[in-house]
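Q: So that we are looking at the same thing, I have put the structure below in structure tokens.
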Amino acid sequence: MGETPHRSADAGTGGTRVTQSHAWPAGASARVAEAPVSAPTPDGNGLGGGGALPTNRKFGAERAFHGLTMAAGAMVLVIIVAIAAFLIAKAIPALRANTANFWTFEGWFPNDNPPTFGIGALAFGTVLSAALALLMAVPVAMGIALYLSHYAPRRLGNSLGFLIDLLAAVPSVVFGLWGRDYLIGPVTDLSGWLNKYFSWIPIFGGDGPYGNSILLGSLVLAIMVLPIVTSLTREVFLQTPTANEEAAIALGATRWEMLRTAVLPYGRPGIIAAVMLGLGRALGETIALALTLGSTYAISFNVLESGGNTIAANIANRFAEANDTGRGALIASGLVLFAITLVVNIIARAIIYRRREFTESAA
Amino acid sequence: MAKRVSASNVTAYYGAFKAIENINLTVEPKTVTALIGPSGCGKSTFLRSINRMHEVLPGARVEGSLTIDDQDIYHRDVDVTAVRRTIGMVFQRPNPFPTMSIFENVVAGLKLNGVRKKSILDEAAEKALRSANLWDEVKDRLGKPGAGLSGGQQQRLCIARTIAVEPQVVLMDEPCSALDPISTLAIEDLMFQLKDKFTIIIVTHNMQQAARVSDRTAFFSIEKTGDPGRLIEYDNTQKIFSNPSVKKTEDYITGRFG
Ligand SMILES: Nc1ncnc2c1ncn2[C@@H]1O[C@H](COP(=O)(O)OP(=O)(O)OP(=O)(O)O)[C@@H](O)[C@H]1O
Ligand SMILES: [Mg+2]
């Protein structure tokens, strides 16, 4: 290592001689000997550097850009903090006025006197419906994505992929209305059937009425998040380096084995990210659930009976009628939703972080 | 363990483009054969048609016949994955599975074959890594990512991964082109040892390397761009490099062309 500087010393491309402030570009010295006539102007500062090194500019584009990005970053932080402060300030009086236990009380009467409301059932319904939705959507989405990226002929894969990207942009109210008006029939029938034969499984127990249930809500959610999860995971699968796929194939892997050894592990962080995005959408989904769930306030694992509620749907349903305390209560519930989303994201990060040694070198 | 590879009238296409035409050659077991020739003359294409990797690309196909020990590898009833297990391949750029540890990389092929028993995997991994001259460098960090090794080590890891499944033929496509001289020497030494057990076919642009490691050399060339590559001369390496019988070969190895 200690020898490297010597080599460049007589290479004629600067090196140690740059400091000797000679007028011509150091890199030009060889050319000068061959053709002195066409030598560059003695005071020209060639691109290779020459003469004294210029001092670092105080006000360049570099610095301006640095300042700009810093300001933008700081502004975002300030805005977030301001919003949080405002929301917390609104929520606290309502929480103070609440005469029931905010965490465990199963009901929502913030407009009454004295006001009583609890987040438990809503938070439970939120997590349950989102989890069920993902349970149904993710395997299907990954199947479609794998088909489109690795089985379908390229043309078909691309056009179907485009179609799915379009689906991801359909507003959720469309899904909600469709669920409320059309999907409800088949779901009611399915619920009856499940209840008849599988009522020994607690989640399929109860005795009706069926229809506006967690099952319907999470089915609609599942259909809603399916395109986005499919679209993202397809993108992830397409990014697997050909070299890795070929390595697996050359070892004698079948197509499915190749997917399992090269594509799926490589896409793991991306898959988790896609699922998290889907989960974020499901947790925060408002209108589709406000239209399909039965809006009751009870913690129940039963997915067939009409009922269920989520934080976001509850906000949509109750905001119009809310008085001051009512609005504070809804804001408080919104903060809880925010906390749930945060926790979910932290868990996802932790999962990705745990194998970072492998995923980083993969990138 | 090692098998004879013979190609007769092998022609390979990428869609409508004919990349190589009528290649005939026979590679004896337990020898090293070098494929040389100018860029684009179809060396990789020919190599990839030997383990049926060529047909993985959409629209690519092979005509003619390729046999190992008189068994037609393109026969309708032959299981492609079995062909690829019998004929291993090392690629130009090291391509360890990035999400796997060193150990997992080496045993990936065995796991694909359904081997699950830890003791067998451990033993096979050590054996393959020792054969690839990599054991001493990695034995204390088998659980670390394979992609965290140096380029030369990664390439030897890929060789270990290839030979762990005990193939009969090993194909190498410019295995040293991304490596420094020391790693290159390590891999050349390795080829010497490996030919006790395997039939080795290697593509190289490095004449010295071809002269050093191979017993037989095949020279491929093309007339002009767009023409299919052809086998110009195939003979003992010594003969090719000292007294080739075709003028074109001589021009190429003396650097007057290509
Ligand atoms: N995937 C592909 N699709 C279409 N044509 C291809 C493809 N790969 C190679 N070819 C063409 O086939 C011909 C032979 O290519 P090949 O890669 O076999 O050459 P090579 O001898 O290995 O060259 P090099 O020494 O540069 O690696 C070339 O004309 C090349 O352009
Ligand atoms: Mg090549």
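Even glycines carry a Cβ here, placed using N, Cα and C.
Positions annotated as region 'Disordered' by TrEMBL: A:1-51. The feature transmembrane segment is assigned by TrEMBL to A:67-89, A:117-148, A:160-178, A:210-229, A:270-293, A:328-348. As annotated by TrEMBL, domain 'ABC transmembrane type-1' applies to A:123-348.
How about a rundown of where these features are and what they're close to?
A: Tertiary proximity for the transmembrane segment (A:67-89) is limited to same-chain residues at least six positions away from its ends with a CB under 8 Å from its CB atoms, namely 331, 334-335.
Below 8 angstroms of C-beta separation, residues 98, 100-110, 157, 160-161, 164, 214-215, 217-219, 221-226, 229-231, 233-234, 236-237, 259, 263, 271, 274-275, 278-279, 282-283, 285, 289, 293, 296-299, 301, 303, 308-312, 314, 329, 332-333, 336-337, 340 of the same chain, each at least six residues beyond the ends of the transmembrane segment (A:117-148), sit close to that stretch.
Taking Cβ pairs closer than 8 Å, the transmembrane segment (A:160-178) reaches residues 144, 148, 152, 220, 223-224, 226-228, 230-231, 234, 285-292 in its own chain, all 6 or more past its ends.
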Q: Near the transmembrane segment (A:210-229), which same-chain residues lie under 8 Å Cβ to Cβ, leaving out any that are not at least 6 residues past its ends?
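A: Same-chain contacts beyond the ends: 125, 128-130, 132-134, 136-138, 140-142, 144-145, 164-165, 167-168, 170, 172, 175-176, 178-179, 183-184, 187-188, 190-192, 195, 274-275, 277-279, 281-282, 285, 288-289, 292-294, 302-308, 310.
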